[in-house]
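Record features (TrEMBL):
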ACT_SITE  Tyr54  active site, proton donor
BINDING   His112  substrate binding site
DOMAIN    22-270  domain 'NADP-dependent oxidoreductase'
SITE      Lys79  site 'Lowers pKa of active site Tyr'
Amino acid sequence: MRVTSCTDTFTLSNGTTIPCIGYGTFETPANEARTAVREALETGYRHIDTAAVYGNQEAVGAGIRDSGIPRDQLFVTSKLWNTERGYENTLKACEQTLNELGVDYLDLYLIHWPTNRKQFGDRAQELNAETWRAFEELYKSGRVKAIGLSNFLPHHIESLIPSAAITPMVDQLEVHPGWPQTAAVKYCQDHGIQVEAWGPFGHKDVLTNQTLVSIGGKYGKSSAQVCVRWALQHDVLPLPKSVHMSRMRSNIDVFDFELTDEDMQVIDELRGIGGTCSDPDAVDF
Ligand SMILES: NC(=O)c1ccc[n+]([C@@H]2O[C@H](COP(=O)([O-])OP(=O)(O)OC[C@H]3O[C@@H](n4cnc5c(N)ncnc54)[C@H](OP(=O)(O)O)[C@@H]3O)[C@@H](O)[C@H]2O)c1
């Protein structure tokens with residue numbers, strides 16, 4: 001791990017650089033997101049993660065503008081929601097997202113969830129392929145600077161690759177202590193796909209885990225800081241969310257300590273300590 005601040009970057013397979021910690025905005029209500037995003041940017045974040053389904057893109061865009069930080073110094077990610085899959089729908093949905101955010105381009109656009117056979121039967125694979133074809137078009141047109149996936153497990157990616165002209169650059173997965181998704185992370189890393197960790201605190205559930213608290217104690221760090229550091233030491237890009245400025249600040253104050261190999265192994269072996277641990281093949285949304 002080479003990064004030494006939250007503005008240091010990982011490099012995606014197409015050469016795009018991406019700040020190594022992103023600021024999450026899931027469940028931040030529209031009436032709080034404007035202030036929260038501005039404060040996150042004031043705190044030092046330069047990478048914002050949002051999605052059409054969060055219902056806060058206009059406020060996120062307003063917060064970005066309020067910050068006064070030039071667009072080219074920011075990294076903005078959004079995601080295509082499940083109801084908008086397919087070639088034409090995807091192109092329209094991306095335009096709507098750009099309009100809501102008030103930006104000319106996205107730095108990264110993700111398919112939020114793979115289709116699954118449970119909902120789509122034999123059409124699942126074809127629908128992912130059609131959606132991805134639109135992503136490739138958006139990438140070629142410059143409306144999005146990088147394209148990727150979210151919640152795609154290795155078998156979903158393997159099904160997509162034969163029909164894809166461009167290999168996905170990112171996979172955003174639920175990854176946190178207790179749910180390390182070791183096989184999926186390894187698959188992505190072996191194939192040059194940057195993994196991002198959503199729910200790096202297991203949606204806050206894992207923060208009370210005594211193993212994490214006590215490992216943090218050795219370094220004068222909180223369990224939240226241990227979670228962020230653990231992801232980074234796996235070359236996984238964490239997306240912590242908080243609407244509180246003191247927490248925004250402490251969640252990126254993770255560059256003055258290093259978890260030992262033994263700490264990493266202990267954390268890797270934790271199980272069942274929280275988070276949604278959702279199975280993309282079982283979801284019905
Ligand atoms: N691709 C996907 O399917 C997907 C799914 C879920 C999330 N995401 C992305 O990943 C981001 C992060 O995931 P998440 O929002 O679900 O959960 P998370 O970041 O794991 O946890 C957020 C929760 O932890 C609390 N928290 C944050 N920092 C804390 C600290 N230092 N001490 C104590 N509590 C703290 C927050 O409360 P306060 O806000 O009150 O501080 C909030 O309740 C999202 O915001 C979103 O951008 C993506």
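Every residue gets a Cβ built from N, Cα and C, even glycine.
Over all protein chains present, the Cβ of His112 (substrate binding site) has 19 other Cβ atoms lying within 10 Å. In the three-state DSSP assignment, the secondary structure recorded for the residue listed as 'substrate binding site' is coil.
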